[in-house]
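Just below is one structure, and these are the notes that go with it.
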Amino acid sequence: MSSTSKVESAKKLAAYKAVDENFPKDAKVIGIGSGSTVIYAAERIGQLDNKDSFICIPTGFQSKQLIIDNGLRLGTIEQYPDIDIAFDGADEVDPQLNLIKGGGACLFQEKLVAASAKKFVVVADYRKKSDKLGQSWRQGVPIEIVPNSYSKIIQELSKKLGAKNVDLRQGGKAKAGPIITDNNNFLLDADFGEIEIDNVGKLHEQIKLLVGVVETGLFTNMANKAYFGEEDGSVSVWSK
């Protein structure tokens, strides 16, 4: 099996097991996140016999399409602010279930859905496990900001909070200029190196206090469980 096939198999195993072990029989509202592993979670949820009995809330355009493609009922967070359970991926997870999210540029809506859920379950493959955030995810902490504040925030992240490097995320070949989020904001990626487990919450709060910051990609005290598909075909589970 190629390394790519092995990773995809790991993602599917983790997502299916997470849905099978956590999906409430009486669920009415489900959060569906974004990312490559959530594709399999949505697929598994779409196989449920009672899929017409609950509403699914997306975290962005991609997850909205996943909900539609799997024949699930689509709702909005405005209509259904109380969510029974949410499934989402992560860019990196530490042993305390702190997360870095936002590599796919949907972090505000992902955090809104996670914060609205009674239970939040993360699905990922073995590459996303780390002893500390920033250990394997080297792109930095994603930060969603109001567009005209980007110069000042970049300055303050570096001078006040000690970021080693801060980049305004660009659209690359697909788009000239910065990436625009689903909320019409910009994204920064701030490199703080490896973040000590005890400092994740403090760093999130410090960033949030900067004028113009909408949300950070640091998710702390939110996830209840994380499922990781392993290289050997097993699934490991971290829980709080």
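A Cβ is built for glycine as well, from the same backbone N, Cα and C atoms used for every other residue.
Cβ neighbour count for Asp88 (substrate binding site): 30 (other Cβ atoms within 10 Å of its Cβ, all protein chains included). DSSP gives Asp88 (substrate binding site) a strand state. According to Swiss-Prot, the substrate binding site annotation covers Ser34, Gly35, Ser36, Thr37, Asp88, Gly89, Ala90, Asp91, Lys101, Gly102, Gly103, Gly104, Lys128.
Look at Swiss-Prot and you will find Asp88 tagged as site 'Plays a direct or indirect catalytic role'.
Residues or ranges marked as active site, proton acceptor by Swiss-Prot: Glu110. In the shown protein chains, 29 other C-beta atoms lie within 10 A of the C-beta of Glu110 (active site, proton acceptor).
In sequence order, Lys11, Gly89 are the residues near Ser36 (substrate binding site), counting only same-chain partners six or more apart with C-beta under 8 A. In this structure, the binding-site residues under consideration are Lys101, Lys128, and the one with the smallest number of other Cβ atoms within 10 Å of its Cβ is Lys128. A C-beta separation below 8 Å, combined with a sequence spacing of at least six in one chain, links Gly103 (substrate binding site) to Gly35, Asp91, Trp137, Gln139, Pro142, Gly217.
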